Amino acid sequence: MAQLEGYYFSAALSCTFLVSCLLFSAFSRALREPYMDEIFHLPQAQRYCEGHFSLSQWDPMITTLPGLYLVSIGVIKPAIWIFGWSEHVVCSIGMLRFVNLLFSVGNFYLLYLLFCKVQPRNKAASSIQRVLSTLTLAVFPTLYFFNFLYYTEAGSMFFTLFAYLMCLYGNHKTSAFLGFCGFMFRQTNIIWAVFCAGNVIAQKLTEAWKTELQKKEDRLPPIKGPFAEFRKILQFLLAYSMSFKNLSMLLLLTWPYILLGFLFCAFVVVNGGIVIGDRSSHEACLHFPQLFYFFSFTLFFSFPHLLSPSKIKTFLSLVWKRRILFFVVTLVSVFLVWKFTYAHKYLLADNRHYTFYVWKRVFQRYETVKYLLVPAYIFAGWSIADSLKSKSIFWNLMFFICLFTVIVPQKLLEFRYFILPYVIYRLNIPLPPTSRLICELSCYAVVNFITFFIFLNKTFQWPNSQDIQRFMW
């Protein structure tokens, strides 16, 4: 880290942590009792804090593994010995929530290290761009909000980013172990451990593909036609996978992830599924429109990079040149929206989430809207893919497979499910110009201000309950 860049980084981290501490104080004053999912997480963590680890003490409404509680106890328990605090203080709601604030500091540092690793250091990428990119992602609204509640998001992000960083540095055993830690926070994080393995495979495939293209006499026969490149890559993959040398090399590199995969399969067999506890509200289904919702979500939060007159012009030009393909894609998308759109009971009933109002006032009110939005979905998907064109075709393939696997089976539309894939995506696009980063950061700041203000000040009550309710992501 260059000296000047070190100053930028330290200033950004210090200011972010200071603001976070002030917000944490405001949250602590406003929320004296557990809120939303905290009514399950906090009592369970407190039981662990008291030393009650038996299964009979487990809340069956909790559907994730106890990673958050175990790490929390490991962090706050030493305070009893170091500071002489009582167990009541150490296991309080405020202390447990503070663990996520510590995770947010770790996430800030990991994001910076990942930007330095993923984005090569060159004259085109200045130190201010890396620090601004880090700051922007650290205050990404849907992630930043949950730093102040006792949810699994911050810890899940920490271990997944750490696993990705270790993978990029070639420490695959450490990466797989951290992937297991991430899995202990949220079971679907196993997909991002697979992504780390896929990253290794994509790197080796890219190297072999470049070698193939550089040969004077291509071993593959010339192919002509509209899908020539696709068929050529498919032929290459088939030839590559037939080589024992190639497969053994990949096996030696990825065996820690393969072992983790076997452990996950064993867990699923023994548990009878991926979800623990109450499964009635977490049934898997083929919810293909989740991809479209993610594309829209990404377009909204990355609009300085994905939405511009030149982008729209390029897209329209491409549509005209390949209008038959566009027509087919549109037809398939409309069919997927028609046959595979689901509305989870929580989405329809819980008016504390923003998704409730998006669904009720847009999709539920106007039946045709979900079809009229298909061209916008296609543009968003194309713009996302276009922004990743600096990555290899094999990396893109691995990323979109993992994206599909992690969000399509989810019946419930909830923005929290989009956080990790969004951050992975945002890390891997080329560093934008400083002006766009400032625009993005400013928009995030405005969104954060609005959501925090609404959450803390615009409360309401249900007719059948005296509890204070709040609007949130």
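In case you wondered, yes, glycine gets a Cβ from its N, Cα and C as well.
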Membrane topology agreement for T211 and K313 per Swiss-Prot: yes
Feature contact check the transmembrane segment (176-196) with the transmembrane segment (284-304), CB under 8 Å, 3 or more pairs: no
In contact by Cβ distance (the transmembrane segment (98-118), the transmembrane segment (65-85); 3 or more pairs under 8 Å): yes
Per Cβ pairs under 8 Å, the stretch of 7-27, 98-118, 176-196, 368-388, 393-413 packing most closely against the transmembrane segment (324-344): 368-388
Maximum Cβ pairs under 8 Å to the transmembrane segment (7-27) - stretch from the list 152-172, 176-196, 368-388, 393-413, 437-457: 437-457
Tertiary contacts of the topological domain 'Extracellular' (345-367) (same chain, 6+ residues out, Cβ under 8 Å): 36, 281, 412-415, 469-473
